[in-house]
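Peer 1: According to Swiss-Prot, the disulfide bond annotation covers Cys9-Cys78, on the basis of similarity to another entry. If you look up Swiss-Prot, you'll see 17-37, 61-77, 113-133 marked as transmembrane segment, on the strength of sequence analysis. According to Swiss-Prot, the feature region 'Disordered' maps to 147-172.
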Amino acid sequence: MEEYAREPCPWRIVDDCGGAFTMGVIGGGVFQAIKGFRNAPVGIRHRFRGSVNAVRIRAPQIGGSFAVWGGLFSTIDCGLVRLRGKEDPWNSISSGALTGAVLAARSGPLAMVGSAMMGGILLALIEGVGILLTRYTAQQFRNAPPFLEDPSQLTPKEGSPAPGYPNYQQYH
């Protein structure tokens, strides 16, 4: 599967890093807004202030964590594309596993194995769903079979039975 909308590898890393940061800030912002609202003292003004404060403090941190994950994933993916010479789902699956392992390296080998498995499984699921969606949508755009004329709508040939009356023949 080739992805035609993707940037070339050096720019892909920057693009994925920025996209992951944005996704982390937005998703983390929503989550932190709800968390800050629920944990603030009673009163709408206090709850609103707690919500904004939680977003202001935590959303950039979450975005940064997502950016690190996206940048490392994209760097490993580009390295595998260069090493293997082809771009396929196995690169993404391997990149997810290696990214999980590298980011969990400070927690020890057992955490590295667990994170590698989770990263590989997560990316395998994402790639599998992408392949299924691509195949499903490709079926919608297949060429339709040619339209065949209905024989009952054609004009009768000389000496052939009239349409709708199989045993009736004209005599000359």
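Yeah, the Cβs are placed from backbone N, Cα and C, and that goes for glycine too.
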Peer 1: Using a Cβ-Cβ cut-off under 8 angstroms and a sequence gap of six or more, which residues of the chain neighbour Cys9 (disulfide bond)?
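Peer 2: Spatial neighbours, sequence-distant, of Cys9 (disulfide bond): Cys78, Val81, Arg82.
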Peer 1: Just counting, how many other CB atoms are there within 10 A of the CB of Cys78 (disulfide bond)?
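Peer 2: Within a 10 Å radius of the Cβ of Cys78 (disulfide bond) lie 20 other Cβ atoms.
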Peer 1: Which three-state DSSP class does Cys9 (disulfide bond) fall into?
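Peer 2: In the DSSP reduction, Cys9 (disulfide bond) maps to helix.
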